[in-house]
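Listed in TrEMBL for this protein:
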- 38-315: domain 'Deacetylase sirtuin-type' (DOMAIN)
- 63-83, 144-147, 261-263, 287-289, C305: NAD(+) binding site (BINDING)
- H162: active site, proton acceptor (ACT_SITE)
- C170, C173, C221, C224: Zn(2+) binding site (BINDING)
Amino acid sequence: MFSARKCSGGFRAIRPHHFRSHSVSRASPNLTFVPACLPPDPVEVEELQRFVSNSKRLFVMTGAGISTESGIPDYRSEGVGLYARTDRRPVQHAEFIRSASARQRYWARNFVGWPQFSSHQPNKAHLVLRDWEKLGKLHWLVTQNVDALHTKAGSQRMTELHGCTHRVFCLGCGDQILRSELQEHFEALNPTWKAEAFGVAPDGDVFLTDEQVRNFEVPACRKCGGILKPDVTFFGDTVSQEKVSFVHQRLAESDSMLIAGSSMQVYSGYRFALAAREKKLPIAVLNIGPTRLDHFASLKLNSRCGELLPLIVCT
């Protein structure tokens, strides 16, 4: 079992025993869900190199765009994100809490998608950030992603702002289990249930029809019979004030901010960019496509994270 460990007023990801740190892979990145973009401009590489070299306590925030090169789709990327490919939308917090059929639909789709989603591995961008941490360049990492790829890469000075799909907890008693353990419960309850997915979505979800999910059985908490929920912040929910305060403290200790792979459309992350601007910290943005920060960022780069970050020498 593992969870977000509470430490010094905040939260840090814990690497479970079955997650192993990875070295930079020579395998080609999976670009299925990565928007088309030009190779890094040498001038931009120099600008980012200067930015990183001048930073002594770098605060990094990552979004879905850093994991698309690992084969995980995102929501907003032009042409390839979920919103561009389909009219389907992620589950809302209130709907999940109040509706048994919504929970059945969510868990059936998640059950089918879990084997593939949980097998995704860090790409070069995750590994570069891990190495920057080891070298003392990266002061703190905040990820908006729930895919555990930073944890798999070996990052430790980190906050999972929206939680992690690899953990599940009971809304009644708070008991936590591994998502992999819950998969075994699903299999035991649904020994003959099968469904073919009609596409993949972010956060371990797949597309299934209402007919397919109708007979799917969802287990309750084994301790109290309560509702089981992934340890993630669903759309419509809020990040705890304690976690927000902890991240603000780490930002206050930093001297610069790098946004990697995020349009920053969600306020839970954008608020920290606003705080960095208020503190007059230099802000660099690395993202394919426009972001909410473009009008006040010190530097904006339109490249793949896994292609540009490995070109930067950490000094």
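Please read every residue number as a count from 1 along the shown chain.
Cβ coordinates are placed from backbone N, Cα and C, and glycine is handled just like the others.
Shown on the structure are the features that TrEMBL records.
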residue: G63; record: NAD(+) binding site; Cβ neighbours (10 Å): 26
residue: S67; record: NAD(+) binding site; Cβ neighbours (10 Å): 29
residue: G71; record: NAD(+) binding site; Cβ neighbours (10 Å): 19
residue: D147; record: NAD(+) binding site; Cβ neighbours (10 Å): 25
residue: H162; record: active site, proton acceptor; Cβ neighbours (10 Å): 23
residue: C170; record: Zn(2+) binding site; Cβ neighbours (10 Å): 19
residue: C173; record: Zn(2+) binding site; Cβ neighbours (10 Å): 12
residue: C221; record: Zn(2+) binding site; Cβ neighbours (10 Å): 18
residue: C224; record: Zn(2+) binding site; Cβ neighbours (10 Å): 13
residue: N287; record: NAD(+) binding site; Cβ neighbours (10 Å): 27
Whole-number Å distance between the CA of the residue listed as 'active site, proton acceptor' and the CA of D147 (NAD(+) binding site)?
10
Residues other than C170, C173, C221, C224 within 8 Å, Cβ to Cβ centroid, of the Zn(2+) site?
L171, G172, G174, D175, A220, R222, K223, G225, G226
